Every structure is written in structure tokens, then in C-alpha cells.
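Lifted from TrEMBL, the feature list:
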type: TRANSMEM; residues: 12-40; note: transmembrane segment
type: DOMAIN; residues: 90-127; note: domain 'Protein kinase'
type: BINDING; residues: Lys118; note: ATP binding site
Amino acid sequence: MLGLPSKGKYHSYHLTLVPCIAIAVTAIAFVMLIVLIVLIRQKSRELDEPDNIGKPHSKTLPSMPTWKFQEGSSSIFRKFNFKEIKKATEGFTTVIGQGGFGTVYKAHFSDGQIVAVKQMNRISEQA
């Protein structure tokens, strides 16, 4: 019959092929579920740790460090860590503004400078 398997061979072929495909699809779905759970747990840990400010949260996105611009003869940038900013803002207590990208706090640094610090929202309300 033109190269088509007989009814008996066709039936036994399906009896092995269908379960193999089902097992493969189930295994792939299980592995994807495990990977998803690991990624969600890792991301939730990163969001719970405030010391991760300025560190990259993704291997594909660059980090967003916090900078300070000092005016004068040597205009340079200085990077602050989260503890310095938290201390200067007295624990983010003095709100001086609110916008779509985050809340703005008053910060008083030990060198006498008073600056505005914006704490960025993870999900911006801006388009």
C-alpha cells in the first residue's frame, strides 16, 4: 500500500509516540516552572534588600548609580551608598515633593550641603 504502515504498525507507533511527546512536553514545562520559581525568589530577595541601590538587578540592564554633582573648580561626580543617603534624609522622613517617577526627600549631608534626593519608583506612572 504505497508506503503507509499497516493498521497494526500504525497503532503501535502511536502507542509509543504519543506518550513520549506527552512526557517531553511535561518535562519541559516542569523545568520552565522551576526556572520561573527560582527567578521570582531571586528578584524578591533583591527587592527586599535596600543595599542593592545602584547595583544591577538584571544582567541585561545597566545599573543606575546615585550621583552627586559638586560645583566649583573641579566639577566631579561622587557616588553615595544607600546608608549615606538614608542617614542624610533621616530615614526618608522629610518629603518635599512627589512625582510620577518617585518621591523627593530633603537630605542634609555631613559636609553641610542640603540637596533633594529622589527615590525612584520601580514602576513609573509616567508614560
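Just so it is clear, glycine is given a Cβ too, placed from its N, Cα and C backbone atoms.
Under DSSP, residues within the domain 'Protein kinase' (90-127) fall into helix, strand and coil as 0 helix, 19 strand, 19 coil. Within 10 Å of the C-beta of Lys118 (ATP binding site) we count 15 further C-beta atoms, all protein chains included.
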